[in-house]
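Database features (TrEMBL):
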- A:1-27: compositional bias 'Pro residues' (COMPBIAS)
- A:1-73: region 'Disordered' (REGION)
- A:104-125: transmembrane segment (TRANSMEM)
- A:137-159: transmembrane segment (TRANSMEM)
- A:180-206: transmembrane segment (TRANSMEM)
- A:249-267: transmembrane segment (TRANSMEM)
- A:274-293: transmembrane segment (TRANSMEM)
- A:329-350: transmembrane segment (TRANSMEM)
Amino acid sequence: MTTPPPPPHVPQQQPGPPPHTPQPPPQADAGQQPFPPQAPPQAYAQQQPFPPQQVPGQRQQEPGHAGPPQQAPVVASSLPMVNTHIGHALLSEWTKIRTVRSTVWTLALTVLLTVGIGLIFAAALSGEDFVGMPLLGGGFFGLMFGQLCVISLGALVITSEYGTGMIRTTLTASPRRARVLIAKGLVFFSLSFAVTLAATALTALIHSSMLGDQTVPVYEYDNPDMEGSIENGEIVASSGHWVDATVGASLYVALLGLLALAVGALLRHSAGAISTMLGVVLVPLIAALFMVGESLADLREALIEYSPLNGLATMFHIPMTGETTDSGWPLLGLLAAVTAGATIAAVARLTTTDV
Amino acid sequence: MIEATGLTKSYGSKTAVYNLSFRVLPGKVTGFLGPNGAGKSTTMRMILGLDAPTDGSVTIGGHQYRELPNAPRLVGALLDANAKHGGRSARAHLLCLAQLSGIPARRVDEVLDVVGLTQVARKRSKGFSLGMGQRLGIAAALLGDPQVLLFDEPVNGLDPEGIRWVRELMRRLASEGRTVFVSSHLMSEMAQTADHLIVIGRGQLMADLPVRAFIEQNSTGFARLRTPDGDEAGREKLVRVLAEAGGQVQAEPEGTLKVTGVELPRISELAHAADVRLWELSPHHASLEEAYMRMTQGAVDYRSSEDQRSGLQGPPQQAPGGWQQPVGPQGGYAPPPPGAGFGAPPPAHAAPPHPPHAAHQAAAPYRPEDAR
C-alpha cells in the first residue's frame, strides 16, 4: 500500500484546463468549458438542478470551519457537463465486456470448439465418397458446443454485476436503467455475433475445401434436398446454404446468448441463469427421447421441432424432424420473438424493482 | 442539498426506515450515525434511487435521483467498496463509470492519483486489500467532481493514516461548498469529521443537530462517590439525602455511587451534614462515545435497557444535561417512570407507532429544541 499523496481534489489543480484564473460561477461556467462542449451551453444551464439561491461565494474557505449553508459556494467544475445518451452507455459496456477475462475465455472457447470440432469432423469424413448431408452441415456439431459458451457469457455479463454488487455502482452512475440493459444487450449481441460469425465462416471454409470433392451418387440426383447442391456431379453449397451456415447460425447463437442475458437479468443469479438456459437448450430434445408411444407422438414431434438445438440444426439443413428443405429462419424468428419478450420482462424488472 | 421527507421503507412486514425527515446542507460534513441495522444504508440507497421508498420521498437539489440528467456529475457515492467486478482493473472499473456520464478518461487518472492508487491502477481489483478497495470506491465517488457526495462507512478497513486522509478529504470537500453526507457507526470518528449529526436508530430519527450541541447535550458529567465498606446505613442515608437535594443516584457494581444533578461541593456538604464519611468523591465526564452508546442503546436492543432497571436503586438513565435536570418527587429510590429514557422531557411529537413498544421512547426523535 502506497502512501497516498495529499488529495489535490481542487478543480483548479487539475492539469489540462489552461486558465488558472478563479473559476467562474456555474452560470458562466458553460461558456468556459475547457473541453468542446458536447451539449450546448443552454442545455447545461437547464441541467443545473441546484436551486440558484446557493449564491456562489469565495471558493475556498478555511478548512475545518465551514460557513453557514447560505454562504456555501457552489462548486464550479472544469469537467464537461454533457447530456448522456445511449452512446455513453454503449461505450461503457464495451469497456466492461472487454476488460474481464470471462469474455476472452468464453469467446475463445466458442471459436475453439466450433472450429476444432468442425476440423475433426472434416478430417474424419474427408476419405468418404459421399457423407449424405449438405456440405456445410457438419458445422453444426462444433457450434452445438460452442453456443453453450456464448450462452454462459450472456448470462455472466449481467449476473456478474449482481453477484459482485457492481450493479449498484452501475445504476448509481446511470440511473437510466433501461438504457444500461439495452446497451449491455447490444454490445454483447454484436460481439458474440461477430465472434460466432468468424468461427462459423472459418468452419464453413474448412468444410467446403476438405469435403468439396465428394461425388454425389446418381440416385441422389432426384432428391429434392440436393437441389442446387450438385455441380458437375460433385456436392457444393448453394449461396443460401452459405448464408444460413454462417450468418443465420451466428444470429441464432447470438440470440440464444441474448436470451441468456435477459434470463440473467430476471433471475439475477449466475448459476441459476446458466442452468436455466442449459435446460432450455437441452431438455426439450432429451425429454422427447424418452417419449415413446403413439399418444405422445405429437408432443414428441413438437418438442423436437421447437427445441433450440433443432433450430440450429435446421439452419445447417440437417433438421431432426421435417424436411431438409425447410428454412431455418422461421425458427430463428421464433427465437427472436421469445428473446424480445424476455428482454421486455427484464427491462420491466430492472426499472421497477430495487437492486 | 439532500432533503428527505417522511422517508419510509418496508421489506414485507419489517420496517427498515420509518418516517425519516432531514436535510443535509452544503458546505459542511453531515455525519449519519446509527448502530448496525439502523437503516443507514437503506436510506443511502433510497437517496441514490436504488431502492424505491415505500412512502415519502428524498430529493437531491430538488430532484429525485433517477430524474437527474447526468447524475454522477452532481452526486458521487461510495456505497460498498466491494461493489465492483474483481476481475477488472482499477482503471478499467473507473473508466467504464466515467464513460457512462461522458467524463473524459484523463479524469480517471486524476482520481486514481488523488486516492493514491496510480501504481496499482492496472492490477485487477480482486487482489486489493479492504483499504485499497475503499480508496477505489472513493475515487469512483470523486470521478464526476460532484457537488453532493455520499459515503457509506468510508473508513472501513482503512489504516490510521488512511482514516486521517479520509477525514481531511471530507473536510476539504465540504469547505469547497459541497454537500458531504457520511455514514458511520463510529461516534468518535464522526466527532472529528462532522459538523452536523443525524442520528438514527431502528430506522427512526433520534437526533438532528450540530456536533457541538450534541456534545453539550449528551456528554454529561457525574460524580462518583464511595462510602466506607460495610457502612450500609450511612450509605442509604446519603442516597436519601442526595435524592432529596435533587440528585439522581445510581449504584454501580463496584459499590460506588454515581450521582448526577448535584455539584461536587454540595455533595460534600450534604455528606458532612448527614454525618456520612466519604472514601471517594471524584468528578467524571461521560465521553461522547458513551453518550452516543446510551442514546442508541435502546434502539439496538430494547430488552437490555429494561434489565438494567431491575435491582438498581435509582433511575438508571438520567436525561442528557442531567446537571440541570429537575427531578420529580419520584427521584431517588422510586421506581423509574415508564419511558424515563434519556429522551426526557418527552418529545413534543409523539413517538411513531413503530417499533410497537408503547413505553419505549428511546427511539423517539430527539432534537435540540426538545431539550431547551
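Using the three backbone atoms N, Cα and C, a Cβ is placed for every residue, glycine included.
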Whether the transmembrane segment (A:274-293) meets the transmembrane segment (A:249-267): three or more C-beta pairs under 8 angstroms: yes
Stretch in A:104-125, A:137-159, A:249-267 most in contact with the transmembrane segment (A:329-350), if contact is a CB pair under 8 A: A:249-267
Residues of the parent chain within Cβ reach of the transmembrane segment (A:249-267), under 8 Å, 6 or more residues beyond its termini: 139-140, 143, 146-147, 150-159, 181, 184-185, 188-189, 192-193, 196-197, 199-200, 273-274, 276-277, 280-281, 308, 311-312, 315-316, 328, 332, 335-336, 338-339, 342-343, 345-347, 349-350
